[in-house]
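Listed features, source Swiss-Prot:
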type	residues	note
DISULFID	CYS31-CYS68	disulfide bond
DISULFID	CYS32-CYS60	disulfide bond
DISULFID	CYS40-CYS58	disulfide bond
DISULFID	CYS44-CYS54	disulfide bond
SIGNAL	1-28	signal peptide
Amino acid sequence: MATNKSIKSVVICVLILGLVLEQVQVEAKSCCKNTTGRNCYNACRFAGGSRPVCATACGCKIISGPTCPRDYPKLNLLPESGEPNATEYCTIGCRTSVCDNMDNVSRGQEMKFDMGLCSNACARFCNDGEVIQSVEA
């Protein structure tokens, strides 16, 4: 019976992650050459300027992908608010909301395996599909 519960838990985890993946939308981002350009762009947008106008005025580019070109490295205003931190918080949030709920259902060897699978699924989700092996594996 414990095997059925663990299988159900994994299926529920996969379904929830599938629903979340369906809701992810790609939005355009701005990349600037330096912090001055980033500050200029943010001030322009705050004042009500459109993305293309502010990007042109401040020497920035509007991109549709997740990565800025090498010559336009400034994606965020603060250096500590970069993509690695966002990925880390995404993974922590996913594990907390999805995997911890599974952990509360049942304990045992199967559940430990399921938790590893759930953690890996969260890591893949937050890293755009990159495979990251679990520490417990």
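Here the Cβ of each residue, glycine as well, is placed from N, Cα and C on the backbone.
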Return the member of CYS31, CYS40, CYS44, CYS54, CYS68 nearest to CYS60 (disulfide bond) in space, with distance defined Cα to Cα and candidates limited to these disulfide-bonded residues.
CYS31
How big is the Cα-to-Cα gap, in Å, between CYS54 (disulfide bond) and CYS40 (disulfide bond)?
8
Among all the protein chains here, how many other CB atoms are within 10 A of the CB of CYS32 (disulfide bond)?
24
Chain-internal residues, separated by at least six, CB under 8 A from CYS44 (disulfide bond):
VAL53, CYS54, ALA57, CYS58
In whole Å, note down how far the CA of CYS32 (disulfide bond) lies from the CA of CYS40 (disulfide bond).
10
CYS32 (disulfide bond) to CYS68 (disulfide bond) - Cα separation in whole Å
8
Pick from CYS40, CYS60: which of these disulfide-bonded residues has the biggest number of other Cβ atoms within 10 Å of its Cβ?
CYS60
Applying a 10 Å Cβ distance cut-off over all chains shown, what neighbour count does CYS58 (disulfide bond) have?
21
